[in-house]
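K.L.:
According to TrEMBL, the protein has these features:
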- 29-442: domain 'Cation/H+ exchanger transmembrane' (DOMAIN)
- 20-39: transmembrane segment (TRANSMEM)
- 51-69: transmembrane segment (TRANSMEM)
- 81-98: transmembrane segment (TRANSMEM)
- 105-128: transmembrane segment (TRANSMEM)
- 217-239: transmembrane segment (TRANSMEM)
- 273-291: transmembrane segment (TRANSMEM)
- 303-322: transmembrane segment (TRANSMEM)
- 342-365: transmembrane segment (TRANSMEM)
- 385-404: transmembrane segment (TRANSMEM)
- 416-436: transmembrane segment (TRANSMEM)
Amino acid sequence: MGLDAVARLGVSILSDDDQVSVDSITLFVALLCGCIVIGHLLEESRWINDSITALVIGLCTGGIILLTTKGKSSHLLEFDEQLFFIYVLPPIIFNAGFQVKKKQFFRNFVTIMLFGAVGTLISFSIISFGAKELLGKLDIGFLELRDYLAIGAIFSATDSVCTLQVLNQDETPRLYSLVFGEGVVNDATSVVLFNAIQKLDLSHINSRVALVFTGNFLYLFLVSTFLGVLIGLLSAYLIKKIYLGRHSTDREVALMILMAYLSYVMAELFDLSGILTVFISGIVMSHYTWHNVTVNSKVTTRHAFATLSFIAEIFIFLYVGMDALDIEKWRFVKDSPGKSVGVSAALLGLVLVGRACFVFPLSLLSNCLKRSEHDKFGLKQQVTIWWAGLMRGSVSMALAYNQFTRFSHTQQPGNAVMITSTITIVLFSTVVFGLITKPLVRFLLPSSQGFNNMISSEQSFARPLLTNGQEVEVEMGNVDPLRPSSLSILLKEPSHTIHNHWRRFDDAFMRPLFGGRGFVPDAPELSKGGCDQY
């Protein structure tokens, strides 16, 4: 009797809807495995990257589901855009900060901020203004001013993940670090802009509204950065002081993962930019926290973060591929397909123009600020940077869903056109631009040129760090480059001088308190108990 009751209870709990969910999740996980296997088989070509592979498999799967359901659905799962921001995006952005090559990143920090923050604002302005002028003439349906501003933020978000899969970090390290850093800062800036637009009162546009918008943007940017630094330092201090690894590396790894995720959810709780917060937290944790854990924990955390990020990226592109064939989104535009094509072409043109309007002028400005010829960007490198940031991906899709749908459903024709146009641009830019990027980089920047630039850049950057200024003293007439009052040295070598001052402060105060390389004794490779002994 008791067993029968338990069996009936189990049957009642596992309802038909639950069984459908289990079947869908099983098939989706199987597709993820297929994406990984096929991506591995195509790895050597480097022409079709993992993002394109997942998109194509998603399109094929969506087409099959569409045929088997007689046009009712193309999804295995109904994916809420909020779930994307809460669960899928954090591991991607955190791993980007955790794995970043800090020397190259901070060496190009000024340029990265110029392109990622100022450039995004320029692109946002051009796309928003152009969309209002062009889309208004196409009569796609009612769109408010807030929608046009949101379009600017949506299509200003680049897809650095897809781009970096076809760039070689060893052959073009400076280009790689620039595109990588710009992509992450760009995503954070786009999301901050999008959130600021949602809070903006557009009923009365005046100078006060512009000041409020600017204030909200700066507030979100600065406070999000501060929160990321705070959580990163807190994790480093806790792990350094209590030394969890003496009992079990599992606790160390768990605390690092949870603290990383805590930085993101805390930012979302306080209506800040979770992307920027978790990225900064990743940089801080890689500089301090990672050096405080045992050797086993170092290996585990590095691979764990990279694995979670990789799975999340494949998940996003696989779902986007299936969602591209969602019949509900396309039924509003089936009577006028030319209009949808026109909107997609107009927006894609604005993306091209908007990026060109800041890449080339800001590259010129960056070159004016650099005294070394090796650090300046030539025309071929500028064209490569412009092209590398044209792809649009997961962040653009998530922001578009947030603005123009409610729980993945679209009811207004104007909103449906914007969703289908976003899908078209993401598919076209990812597949077409993604296939062209690799041969374009090889044509514009041959491997030998990229390798020589890497050697010269590394030598020029490492010289004042490895020699403690002795070689620089000889070249500059025995002038101490580390002297805070040496304004001429600061103006001549700003990146090197600032980095030297930060290094001295870091060695004197930060790393003795929070740990770091050289300030934490190497932990034993194996700790007591648990699975560490195997």
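Just so it is clear, glycine is given a Cβ too, placed from its N, Cα and C backbone atoms.
Note: TrEMBL annotation is automatic and uncurated.
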K.L.:
Using Cβ atoms only, state whether the transmembrane segment (303-322) and the transmembrane segment (416-436) have three or more pairs under 8 Å that are 6 or more apart in sequence.
P.N.:
yes
K.L.:
Of the listed stretches (20-39, 51-69, 81-98, 416-436), which one yields the highest count of Cβ-Cβ distances below 8 Å with the transmembrane segment (273-291)?
P.N.:
81-98
K.L.:
For the transmembrane segment (416-436), I need the partner stretch with the highest count of C-beta pairs below 8 angstroms, choosing only from 20-39, 51-69, 105-128.
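P.N.:
Most contacts with the transmembrane segment (416-436): 51-69.
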